[in-house]
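Chemist: Have a look at the structure that comes next, please.
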Amino acid sequence: MLGSLTIIVAHHMYSMPPYPYLATDYGTQLSLFTHHMWIGGFLIVGAAAHAAIFLVRDYDPTTRYNDLLDRVLRHRDAIISHLNWASQEDLKSIMALRFPRFSQGLAQDPTTRRIWFGIATAHDFEIHDDITEERLYQNIFASHFGQLAIIFLWTSGNLFHVAWQGNFESWIQDPLHIRPIAHAIWDPHFGQPAVEAFTRGGATGPVNIAYSVGGWFHLQPKWKPSLSWFKNAESRLNHHLSGLFGVSSLAWTGHLVHVAIPGSRGEYVRWSNFLDIPPHPQGLGPLLTGQWNLYAQNPDSSSHLFSTSQGAGTAILTLLGGFHPQTQSLWLTDIAHHHLAIALIFLIAGHMYRTNFGIGHSIKDLLEAHIPPGGRLGRGHKGLYDTINNSVHFQLGLALASLGVITSLVAQHMYSLPAYAFIAQDFTTQAALYTHHQYIAGFIMTGAFAHGAIFFIRDYNPAQNEDNVLARMLDHKEAIISHLSWASLFLGFHTLGLYVHNDVMLAFGTPEKQILIEPIFAQWIQSAHGKTSYGFDVLLSSTSGPAFNAGRNIWLPGWLNAVNENRNSLFLTIGPGDFLVHHAIALGLHTTTLILVKGALDARGSKLMPDKKDFGYSFPCDGPGRGGTCDISAWDAFYLAVFWMLNTIGWVTFYWHWKHITLWQGNVSQFNESSTYLMGWLRDYLWLNSSQLINGYNPFGMNSLSVWAWMFLFGHLVWATGFMFLISWRGYWQELIETLAWAHERTPLANLIRWRDKPVALSIVQARLVGLAHFSVGYIFTYAAFLIASTSGKFG
């Protein structure tokens, strides 16, 4: 009663103010209303609490039969369900369901294992209750929209900060002397400026829900795609080839020709004038008359100032080669030409596979025809079509393998052939992009092998794949694994041996006794492509050769200038230090591959454990009765390989970064002299470039690198925390948890909180996953801070 009265007081004190001038004292009114509402809320909750205590301690059903209170208790299901706006049956079923709902067996587990295993298997749709093949495909398809939503949300955040607080307008006025800033402050209070930042010019508001409608549409039962739609591989590939690659490349060419190239020449195309500005003076004439070469005539001159008409030409599709002298990026007209060619190839490729029409090939027929001559390699690709088309893990493995390689190639090409204007002169951005894409590539590639192993455990059918390439790969796994092992051992002993030898020579003061090997084969390849500094005089590096003369008037001048311009990253000059580090990287790649390939090929079984496939993808051991069965699941191979992958990406990024900061500083000799021994890497790369981070906080106060200095320390902390999970095993944690539970139950106030599940430690597999996650995240955080601070500290 008092609670209700207090809330009524809150409402009447502002609507019928009794005190003089209270109605005009807004701060007091606001405080009084808020104060009384909070008090009323606590009083009402207290009333309900004491009513519950009364029912537990004092209520006697025998003396109060059939009165109002008794009837309330007997009809409690109806009352509660009405409050929930659901039927009694619905309410009972909801209350009966515990997490995870997709596995009722796991939901009945009385320990905290229920929570961790529920989280671990949430996305393993194949093992969920009541799953069908059609629902499996539909769930995967629906999750793609969630993935896209996250990507677009992340992108919109970047665009929002740049549009609202970035210095884009001032940066494009002088991109060589003004550093691009994404956002000025970290605390965005959303107001009118934020709405304007998200709103396209001429539009009434910032939100376009067209794409969200597409996701909602496909989640409706009537519009969920059928299983046959998912299994129609030919149609899917045709649409991906022609639509995803062909049409998108053509659209990008259109943007470059109609918007970007005019913009680079000082002519800005907007919604208001895009119909009035032809991309080329002769319009569509050359296209319709077959005189396509006219589109390549009169390119931008070497004196062209980007985003102005000074030195600008009229060409839209060229093959100049090399880089724009001012931006140090590829010519936009070259990029447009490239994408037009890509579009044409993929639009034609979109007709490669036979669907409802008579043209094209059947993928199954293509694969069945792939039988090696003489039968020396078995039945070739027979049975592969159905194997791949019926296994989502095989398809995912192939997709991840392709995407991983492509992502690594993106990292390589974004710095060596920079496409964005002025990016080649923004060193911190270049370093961050290279490192980011190499890490992404590493995780994606290891994921490909993980799903390949799951395919062998869950989906591989020996009868269906008898004597084809998959079966023969499994039959010859010992030869494959031992060859990879031999290559890894060879690379490891020889590379480390050379490094250690050189370290000893430096330590004894005789650097001239180092073993330094020139990479003559790689230098010869660079020379063949036009690099003249090695003196090989072969192919394009030979000015008297037919290859040089044939291409002189086509595209070679720009390319040859760029290759021999030692200030860019196109063909870096290489020597003994590069030779050694490339072999160290090769060691990492081969060892990572060895572990992953062994895990996948042994996933179904080995001589030690022939029935391994019956235990699934991840299992800790098969008990004490079968000694040696610990750590041999396919998951354990993946777990171990990720450490090697991270090692390898570390060596790749260390090499790239050190090589480039010496190049950008005009001090390449430091890399050449110090990279041939391990102490050089530790002292002249890691320690020397950590100084900016170490001085982020110093006795004289903070500087602009302080946030990276903090992140550097924090990354080390996260990384080190990983070892706590990796080294201390399950029994230790179980005993610790039992002690903590005992203390919790005997501590005043804390013992008011109880739990239904018995606390148990993480399993061995789960603890390894947690340890690996901390190791990976901490490692990447630490290096990211080091990379950004050491680069921006030198170059801004």
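From the backbone N, Cα and C atoms, a Cβ is placed for every residue, glycine too.
Caution: TrEMBL annotation is automatic and unverified by curators.
These figures come from a predicted structure and were not determined experimentally.
Reproduced below are the annotations present in TrEMBL:
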type	residues	note
TRANSMEM	37-56	transmembrane segment
TRANSMEM	392-411	transmembrane segment
TRANSMEM	439-458	transmembrane segment
TRANSMEM	479-500	transmembrane segment
TRANSMEM	579-601	transmembrane segment
TRANSMEM	637-658	transmembrane segment
TRANSMEM	707-727	transmembrane segment
TRANSMEM	769-789	transmembrane segment
Chemist: Within the same chain, where does the transmembrane segment (439-458) have neighbours whose Cβ lies under 8 angstroms from its own Cβ atoms, ignoring anything closer than 6 residues to its ends? I mean 6 or more beyond.
Modeler: 126, 391, 393-394, 396-398, 400-401, 403-405, 407-408, 411, 474, 592, 596-597, 599-601, 603-604, 613, 616-617, 634-635, 637-638, 641-642, 645-646, 648-649, 653, 780
Chemist: Given a Cβ distance threshold of under 8 angstroms, which distant residues of the chain, six or more beyond its ends, lie next to the transmembrane segment (707-727)?
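Modeler: Beyond its ends, the transmembrane segment (707-727) has Cβ neighbours at 690, 692-697, 762, 767-768, 770-786, 788-789.
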Chemist: Are there residues at least six beyond either end of the transmembrane segment (37-56) with Cβ under 8 Å to its Cβ atoms? List them, or say none.
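Modeler: Residues packing against the transmembrane segment (37-56) from afar: 2-7, 10, 73.
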